[in-house]
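To keep things clear, I will list the structure first and then write my remarks on it.
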Amino acid sequence: MVLIRVLANLLVLHLSYAQKSSELVIGGDECNINEHPFLALMYNSTSMKFHCSGTLLNEEWVLTAAHCDMENMQIYLGVHDKKNPNKDQQTRVPKEMFFCLSNKSYTPWDKDIMLIRLNSPVTYSTHIAPFSLPSSPPTVGSVCRIMGWGAITSPNETYPDVPHCANIEIYDYSVCRKAYGGLPEKSRTLCAGVLQGGIDTCLADSGGPLICNGQFQGIVAWGRHPCAQPQLPAFYTKVFDYSDWIQSIIAGNTAATCPS
């Protein structure tokens, strides 16, 4: 697992944060096959290893985490069981990728977001449909849905063929600051999980959606490994804060900048 830390507090943060780019939902159950038509599966076409998920915004655009950037990326839409493809499953590759910063810089609490333009539009179908951007931010205490093909056990990871889903809760950012230490006072992330432990996103869930009250509110970003430990919620990029940037890029303003 790749670990990324802030230079000023390198040792502490190196022990605290881990990308969820190879994680699945711990403590969940198989998602209903009709529950995730917007969910994208992201592979390295050379190694044929699954690394991340993403969310389809419209026929041409997928939103995911910046740390999901990889060589030889293939994006699968309409997938449920990886070993038994749906008839309407479609595959695309990136045509363009957009980051908040030209040097692709991001931290566990800022700008871990990537917008991908597909090489050709997908066709909507029974198992392929978009998810709109949120109209308002989520509130503390909201119950949210997580989903993905990431690890279902940790630290000895096992990976399912079908996506798993589970419910977690939004906490005040101060809960994550207390749990991890060394975090800035403000962040464009959501703090979410189950403080009792046992339920969490995990390796290879990165880039997937956090859905609160029917709205796409977060992107799976960072958390502690092993996954699903008590008192250690995870971080999700706050989609609402980046809505203007996302809409500007999709509209053709490729010079648009992310919120500071």
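Using the three backbone atoms N, Cα and C, a Cβ is placed for every residue, glycine included.
All protein chains considered, the CB of His67 (active site, charge relay system) has 23 other CB atoms within 10 Å. Among the features that Swiss-Prot reports, active site, charge relay system is placed at His67 (among others), with the record citing similarity to another entry.
Other Cβ atoms within 10 Å of the Cβ of Asp112 (active site, charge relay system) number 28 in total over all chains. Annotation source Swiss-Prot lists active site, charge relay system at Asp112 (among others).
Of all the Cβ atoms in the protein chains shown, 30 others lie within 10 Å of the Cβ of Ser206 (active site, charge relay system). Annotation source Swiss-Prot lists active site, charge relay system at Ser206 (among others), citing similarity to another entry.
Long-range Cβ contacts of Cys31 (disulfide bond) within its own chain (separation 6+, distance under 8 Å): His80, Met147, Val162, Pro163, His164, Cys165. Positions annotated as disulfide bond by Swiss-Prot: Cys31-Cys165 (among others).
Taken from Swiss-Prot, the feature disulfide bond applies to Cys52-Cys68 (among others), supported by sequence analysis. Every protein chain shown contributes to the tally, and the Cβ of Cys52 (disulfide bond) ends up with 33 other Cβ atoms within 10 Å.
Sequence-distant neighbours of Cys258 (disulfide bond) (same chain, 6+ residues apart, CB-CB distance under 8 A): Cys100, Leu101, Lys111, Ile113, Tyr242, Trp245. Among the features that Swiss-Prot reports, disulfide bond is placed at Cys100-Cys258 (among others), with the record citing sequence analysis.
Residues or ranges marked as disulfide bond in Swiss-Prot (evidence: sequence analysis): Cys144-Cys212 (among others). Its Cβ placed at the centre, Cys212 (disulfide bond) has 23 other Cβ atoms within 10 Å.
Marked as disulfide bond by Swiss-Prot on the basis of sequence analysis: Cys176-Cys191 (among others). Taking Cβ-Cβ distances under 8 Å and a sequence gap of 6 or more within the same chain, the neighbours of Cys176 (disulfide bond) are Leu183, Thr189, Cys191, Pro233, Phe235. Reduced to three states, the DSSP call for Cys176 (disulfide bond) is helix.
Residues or ranges marked as disulfide bond in Swiss-Prot (evidence: sequence analysis): Cys202-Cys227 (among others). In the three-state DSSP scheme, Cys202 (disulfide bond) is classed as coil.
Per Swiss-Prot, the feature domain 'Peptidase S1' maps to 25-251; the stated evidence is sequence analysis. Note on the domain 'Peptidase S1' (25-251): its mean pLDDT in the predicted model is 95.
Annotation note: Asn44 (N-linked glycosylation site) sits in a strand segment as assigned by DSSP. The feature N-linked glycosylation site is assigned by Swiss-Prot to Asn44 (among others), with sequence analysis given as support.
Look at Swiss-Prot and you will find Asn103 (among others) tagged as N-linked glycosylation site, backed by sequence analysis.
Within 10 Å of the C-beta of Asn156 (N-linked glycosylation site) there are 7 other C-beta atoms, taking all protein chains into account. Reduced to three states, the DSSP call for Asn156 (N-linked glycosylation site) is coil. The N-linked glycosylation site annotation in Swiss-Prot covers Asn156 (among others).
Positions annotated as signal peptide by Swiss-Prot: 1-18.
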*If you count Cβ atoms within 10 Å of each one, which of the disulfide-bonded residues Cys68, Cys100, Cys144, Cys227 comes out on top?*
Cys227
*Could you give the Cα-Cα distance between Asp112 (active site, charge relay system) and His67 (active site, charge relay system), in whole Å?*
7
_Candidates Cys52, His67, Cys68 (recorded positions) - the one closest to Cys227 (disulfide bond) by CA_ = Cys52
*Which of Cys165, Cys191, the listed disulfide-bonded residues, has fewest other Cβ atoms within 10 Å*: Cys165
